[in-house]
Each structure stands twice: as C-alpha cells, then as structure tokens.
C-alpha cells in the first residue's frame, strides 16, 4: 500500500498549502456575518461529502442550531455561526472570565477567549511553573494574572480548569468565592460527578455548566488559530438563571468550538475516561505494541514492523477514516486487504468486547477515579509520570518510530 500512503501524504500537503491561514484568521471568521460563514463553510463541507447520502449533505445547507440525525437518533447541534463575535461581546459585556489553572485546557481556552476580545483573567499559584508560563504568554501580574483566590474573587464566570486532583485539594479554598450571581464552569464532569471522592459539591444558588472540547488544550488553540474549531460537548448541572445552557454554548464558541452537542455531566465523564483508556490512548497503544512484538518475534525487521503497524495506519489509513469513514478506507485499499480486514474485524471485536465492558464498569464504579486521584495527589506524581512515559519512549517500537518519522518526505529538509 505504499502508493496509498504517498497519495495520502500528497493530499495532506495540498490541504495544508491551500489552507495556510494567518494566525488572526480565527478572529475574522468569528466576526464575519453568519450568512457569509454559512456559504463558505457549507460549500467546503458539501464538497468533502460529495460521496455521502444527499439527505445528510442537504441538512448542512442551513448553518447554526439544528436537529440532525446521527444514524437513527436525532440530536441538537450548535455551530459557530449562532454566535458571531459581536454577539459574544454583547452577551458577556458585564462578565469577567476567571481562568483558574493554566494547564493544557487553561492555556488553550484562555488565549482563545483573550483573542476573541473578552475580559479574561488568570488565577494560578504565584511564582509557580504555571505563573511563569502565563507570563510568557503575555498575562501581566496585577492586571490580568493573579493568585487563585484573587482571581476567583474578581471573576463572574469561574472556569475551574485545574487538574482533577487539584480541584479536590483546592475546593475548600475556592468554594467561598462561588457566590450567587456567579457561574461555575468546568471542562470535565469528574469533580462534580464523583463528589463522594472529591468533595466538590457546588452551592445550589449558582449556574453550574460544562464545555468539554474533544481534544487537548494545544489542539483547541491550534484549530482556533487556523480558523477552524474543535468539536465540544456542553452540559448543565444546575440552572438557576434559566439561561445556563445558552451560556454554556456561548462560552463553548468563545473558547474555540466549531460545533457543539449536548450531554450530561455524568455521560461526559464516563465517555471521556472510557475513551482515553480505550481506543483513544490506552487501547491503541496496547494494540500497536502487541502487533509490533509479534512481527519482531517472527523475524521482521524493526522498520518493517513499525511501518506495517503504526506508520501506514497514522499517515495513510486513519486520515481516510477521519475524512470519509471506515467504508471509504476499505474501498481505497486492495481487494486482498479488504477481504482480510473484513474477516478479522469481528474477531477483534469479540476479543475486545469483554475488555471494554470491564473498562466501562471500572469507570462507572469509581475505580478509575480513585486511581487517578491517588496518583495525582502523590508528592512524586510528576516524577512517577515521567518515569512511566520514559519507559514507553524507551520501548523499541517507539525508538524505531523516531527514526521512521525523520524519513517522512515532509521532514526531508528540516
């Protein structure tokens, strides 16, 4: 399938060259009238979906809030064109976003809010690593960079983006600042759903909402700068004002979401923990490692084992699935590849189903939560984490991957 990989790389390069937007394009895109956004973005979407059912393509002709069929279920989705920049400015004209924590999500969401012209301040531990990073990103002590307590006092929308473990340890300090009229915002349902483990029980007289981008904070920032946007979910835990959902959607757009769907705090955290441990991270790492090791045990060279396990998947096949679906990927491959994959897919499904069921139960019963909190509250958790990831980096498969990546055509002159 070497030719397929080459074609995929060429298409990716062409898309990058065609896009090449400026870092400020995100602002201009949000500021454009909704009709203009609708025409241009819909045109691109329809072209990409030309081979898909006409009914699905037709549904995208009207941008903005709508009800769409996802297979046989209907869901409401919200899009960026519902909230042009002028509307966001007016909606939040009396608000101060207090960004508590400057890790992955705090960094990405905070910079996007700031670039969108909203009133944002950052609250982190003074003179710590996050404080230093915030200063490097242009946040100024005493102006829009404060310690957590002062930021929480000044803010009207308290964005609790501290780590899950830190949310537990800081809640007693933060809670007195969660006063009537304020909004408590999360990007993960962890602390609220597992309240028996975290102790995070919000006061009953404030809106409690969630917007969970489906990607890292770095991706949230990158897609915003490229004028695109990430998919996100929103949820409401408490609606005191009657406008909690509307507020969650508006913030979701302001932090860089392209489209948004509704969920609940519980469903968000269950699916998130389950997905990360499964296909998104843990499961895929385990599958890669197992396949690579079997190839090596049967005499295949390191480069061949890596290419047939990881490189072809990441650079050639997965992008096809991402853009057009699994069936399209099958059609793009040889008849021999199709036949074998179709035969073996049910075997992998059958073998993996019990593992995924056990994983979901482990999430549901709080085992994963307690494990995460125990690890995150260790004084040595950073060192322990670094040790574990260093062990992954030292595995032969990923040492080989480092060399293979340097051979990619797009890195030839770097």
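Glycine is treated like the rest: Cβ placed from N, Cα and C.
Where the annotation comes from TrEMBL, it is an automatic prediction and has not been curated.
Straight from TrEMBL, the features:
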- 74-263: domain 'KARI N-terminal Rossmann' (DOMAIN)
- 264-411: domain 'KARI C-terminal knotted' (DOMAIN)
- 272, 276: Mg(2+) 1 binding site (BINDING)
- 272, 308, 312: Mg(2+) 2 binding site (BINDING)
- 334: substrate binding site (BINDING)
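Features recorded in TrEMBL, as mapped to the structure shown.
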{"residue": "272", "record": "Mg(2+) 1 binding site", "Cβ within 10 Å": "20"}
{"residue": "276", "record": "Mg(2+) 1 binding site", "Cβ within 10 Å": "14"}
{"residue": "308", "record": "Mg(2+) 2 binding site", "Cβ within 10 Å": "15"}
{"residue": "312", "record": "Mg(2+) 2 binding site", "Cβ within 10 Å": "17"}
{"residue": "334", "record": "substrate binding site", "Cβ within 10 Å": "10"}
Pairwise CA distance, residue 276 (Mg(2+) 1 binding site) versus residue 312 (Mg(2+) 2 binding site), rounded so that it is a whole Å: 22
Separation of alpha carbons, residue 312 (Mg(2+) 2 binding site) and the residue listed as 'substrate binding site' (Å): 14
Inter-residue C-alpha distance, residue 308 (Mg(2+) 2 binding site) and residue 272 (Mg(2+) 1 binding site) (nearest angstrom): 29
Rounded distance in angstrom between the Cα atoms of residue 312 (Mg(2+) 2 binding site) and residue 272 (Mg(2+) 1 binding site): 27
Helix, strand and coil residues within the domain 'KARI C-terminal knotted' (264-411) as assigned by DSSP: 126 helix, 0 strand, 22 coil
